[in-house]
Amino acid sequence: MLRIITQLTDLRAELRRICDRTDSGEMSEQQATVEAILRRVAKDGDRALIEYTAQFDHIDLTPETLRVKGDELDAAYQQVSKELLDAIRLAKQQIEAFHRQRVPKSWVQFGEDGVVLGKRYTAVDAAGLYVPGGRAAYPSTVLMNAIPAQVAGVQRIVMVTPPGQGKGINPAVLVAAQEAGIQEIYRVGGAQAIAALAYGTETIPRVDVITGPGNLYVMLAKKQVYGRVGIDSLAGPSEVLIIADEAAHPAQIAADLLAQAEHDPLAAAILLTPSLSLAKAVVTAVNEQLADHPRRVLTEKAIAHYGLIGIVETLEQAVELSNSFAPEHLELEVEDPWSLVEQVRHAGAIFLGYSTPEAVGDYLAGPNHTLPTSGAARYASALGVETFLKHSSIIQYTPAALRKQGGAVMTLAETEGLISHRDSVRLRLQP
């Protein structure tokens, strides 16, 4: 049952509890398991991958069958409908168009005495994309991770994903990968896949950046290999916070709440509204839509533990509460959403108006759906082209510029006791 909370102190406490739902305290057992997997893959390479795949996925592989071959890639196109292929291609087009606008440009500026300063952006050489298996196939995850890497100019893009029954990979995932330009695909998942990407094996060369969502073990593995490789984020369960006025449609709000809850038993679905009548209507609509929901058990668990409706005095108070929660997805289902946007400080993505369900951002609109969760929107942003880029500073001094500023450099170097730093300038200033 979706709860309605009317007391502000209780509402704040519940929002904090939900935000902290993935703070599992001691995870020593899981961390130890992941550490052992990482060490084993780093040491034994393909043999470890094959043994872990047999242990966890109950699939028997060989070094020759780790990589998805061309005939399986070709066959995938015969197994998807024209409607799905068209949808994948439209999504690719719009995601690519959006991310091309976000590519930063290298620059230089010319200062006094011939000083040249600048910044040069370059892509990483290789990126590894993790695509979950398990409850569902996620071609959208492929597109959202691969396309920014392509736009950034990454030369080698690798995808890893757990194998299904018969060693197969979902054809929709394979088609999305090919549409996004990926041909190097491996049927391996879990922490062992992250280890392979980070350390390399006989079959899977290492990469520079790893992106993509996964379960707790994948997240812990990404956390532990960070530093050896870059990562996008430590993503937790999905979440939506909806701010709605009395004119919002209850059934539509209910569908948006359930759209998050159906992801995961830990998913959060929150509505903040000043309208008690809307709140009650949403509860009714949620119950009606759950009645024949194909993922009813999973979705009900999320709604029961991490779903709520909070009654607020004003929409402005709702925004203040949202900022403290820093949701992954924020929907402003109000008559004038632009009047609230400037007050929003912390949100992964903001969806404006009654006709903008979060699902359009998940699949098609263009902005990335890989977003910060569990309050991380306070300091983090969506995955994007920048995830696959790095920048180098450019500095050039002329003799005149060094004569003018060298004294200050030497003073600072002497203050820090770094005599060779001082002398590297002094020797250049000698006649």
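Along the chain as shown, residues are numbered 1 onward.
Each residue, glycine too, has its Cβ placed from N, Cα and C.
Pulled from Swiss-Prot, these are the features on record:
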{"type": "ACT_SITE", "residues": "Glu328", "note": "active site, proton acceptor"}
{"type": "ACT_SITE", "residues": "His329", "note": "active site, proton acceptor"}
{"type": "BINDING", "residues": "Tyr130, Gln192, Asn215", "note": "NAD(+) binding site"}
{"type": "BINDING", "residues": "Ser238, Gln260, His263, His329, Asp362, Glu416, His421", "note": "substrate binding site"}
{"type": "BINDING", "residues": "Gln260, His263, Asp362, His421", "note": "Zn(2+) binding site"}
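There are 10 other CB atoms within 10 A of the CB of Glu416 (substrate binding site), with all protein chains counted. Sequence-ordered, the extra residues of this chain that approach the NAD(+) site, with Cβ no more than 8 Å from the Cβ center of Tyr130, Gln192, Asn215, are Pro132, Val160, Pro162, Gly189, Gly190, Ala191, Ala193, Ile194, Gly214, Tyr217, Val218, Ala221. The Cβ neighbour count for His329 (active site, proton acceptor), using a 10 Å radius over every protein chain in view, is 27.
Close to Glu328 (active site, proton acceptor), meaning Cα to Cα within 10 A, are the following binding-site residues out of Tyr130, Gln192, Asn215, Ser238, His421: Ser238.
Of all the recorded positions in the record (Tyr130, Gln192, Asn215, His329), the one with the smallest CA separation from Asp362 (substrate binding site) is His329.
Checking each of the recorded positions (Tyr130, Gln192, Asn215, His329) against Ser238 (substrate binding site), the C-alpha distance stays within 10 Å for His329. Neighbour list (His263 (substrate binding site), Cβ cut-off 8 Å, at least 6 residues apart, same chain): Pro237, Ser238, Ala302. Summarising the NAD(+) site geometry, the residues cited as binding it (Tyr130, Gln192, Asn215) extend over a maximum Cα to Cα distance of 12 Å.
Comparing Cβ neighbour counts within 10 Å across the binding-site residues Gln192, Asn215, Ser238, Gln260, the minimum falls on Asn215. Cα to Cα, Asn215 (NAD(+) binding site) and Gln260 (substrate binding site) are separated by 16 Å.
Across the structure, Gln260 (substrate binding site) and Gln192 (NAD(+) binding site) place their CA atoms 28 angstrom apart.
Residue pairs drawn from Ser238, Gln260, His263, His329, Asp362, Glu416, His421, the listed substrate binders, are separated by up to 56 Å at the Cα level. The Cβ neighbour count for Asp362 (substrate binding site), using a 10 Å radius and every protein chain shown, is 19.
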